[in-house]
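K.L.:
Relevant sequence annotations retrieved from Swiss-Prot are reproduced here:
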type	residues	note
TRANSMEM	34-54	transmembrane segment
TRANSMEM	58-78	transmembrane segment
TRANSMEM	112-132	transmembrane segment
TRANSMEM	135-155	transmembrane segment
TRANSMEM	160-180	transmembrane segment
TRANSMEM	189-209	transmembrane segment
TRANSMEM	234-254	transmembrane segment
TRANSMEM	255-275	transmembrane segment
TRANSMEM	299-319	transmembrane segment
Amino acid sequence: MENTRDSAAISETKYIKASNRVTIYDFIKLAKPGIIISNSIAAFGGFWIAFASAEKTLTGLAFLMTMVTAMLGTAFVMASGTVYNNYFDRHMDAKMARTRSRASVTGKMPPAMILTYGSVLGIAGLAMLYSLNPLTAFLGLAAFIFYAIIYTVWVKRTSVWSTFVGSFPGAAPPLMGYCAVTGDFSMTAVLLYTIMFLWQPPHFWAIGIRRKEEYRAAGVPLLPVVKGNHVTKIKMMQYIAVLVPVTLLFPFSLGTGHISPFYFLAALVLGGIWIKKSIKGFKTDDDVKWAKDMFVYSLIYFCLLFFIMMIDSFMMFLIR
């Protein structure tokens, strides 16, 4: 009987040790893959648009190497920022249902390991970007500092406008992708940055409305928590209403003189649907359900908009 109990105790100990072992999944989850994927889509969009509109285009192996380096470098720098974000937010995340299982919260990954992981990602990413040109590396470093330090450590904890402030570094990926090809700015690069900047607040405030009570419990002064859902809905609609006409400027920024009816129609339809959905928010009885719909559509809008911008710029590349 005693041997049986000892065997059971040993088995339980082995199970606990195995369950506490850090896995690849823990590292991936800590980097917030959802954010990295959306950032990578934007970065690739910027890269492709720059490639299609550049006077001297990359070809063959040079194109492939530049693209891979730019995408990996951008993803690594952004992942470094999200890992540092998880490190600084671990005590806050412990109070939220959707984040309390993260390895940074449970103690599965000790703080030193998290910082090492984030630092390695950041250094590797910046080195890749610097190998392309100093400007892209500088943009990556600036975005990291702004997001991981200014936004995460300071503004997120103290200001109702943290989402607005966080949009400055959050809009960097398409700019970085563009500059990876050109090595300098242009009206197109600034417009891509502006589009992603305006897209972010409605997207993240939709999450804020859905998870309002969790943010309240964690002490995060997010707009829905402090000002309420109605004010947040007004702000979301204002951003979307500005975003839609700004997206229509994209063909003009390329400076080719070619204006695509396809792009205008697609951008108007996508934007019109989002505006219509935002208006529905003032009539709904279920804010959480509405916010979920807004969140999902914001991702669809984002992906399709960048896709049609890439198609439009490539069509101009073919006819020039």
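Just so you know, glycine gets a Cβ as well, placed from its N, Cα and C.
On a predicted model such as this, the values are computed, not experimentally measured, just so you know.
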K.L.:
As a test: from 189-209, 255-275, 299-319, pick the stretch that has the greatest number of Cβ pairs under 8 Å with the transmembrane segment (160-180).
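P.N.:
Stretch with the highest Cβ contact count: 189-209.
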K.L.:
Six or more residues beyond either end and a Cβ under 8 Å away: which residues meet both conditions relative to the transmembrane segment (255-275)?
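P.N.:
For the transmembrane segment (255-275), the nonlocal Cβ contacts are 53, 187, 202, 237, 240-241, 243-244, 247-248, 297-298, 301, 304-305, 308-309, 311-312, 315-316, 319-320.
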K.L.:
Considering only the recorded stretches 189-209, 234-254, 299-319, state which has the highest number of Cβ pairs under 8 Å to the transmembrane segment (34-54).
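P.N.:
Most Cβ pairs under 8 Å with the transmembrane segment (34-54) come from 299-319.
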K.L.:
Out of 58-78, 189-209, 299-319, which stretch touches the transmembrane segment (112-132) the most, going by CB pairs under 8 Å?
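P.N.:
Of the candidates 58-78, 189-209, 299-319, 58-78 scores highest.
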K.L.:
Who are the chain neighbours of the transmembrane segment (58-78) in space, where the CB to CB distance is under 8 Å and they lie at least 6 residues beyond its ends?
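P.N.:
Distant contacts of the transmembrane segment (58-78): 35-36, 39-40, 43-44, 47, 51, 121-122, 124-129, 131-132, 136, 140-141, 143-144, 173, 176-177, 180-181.
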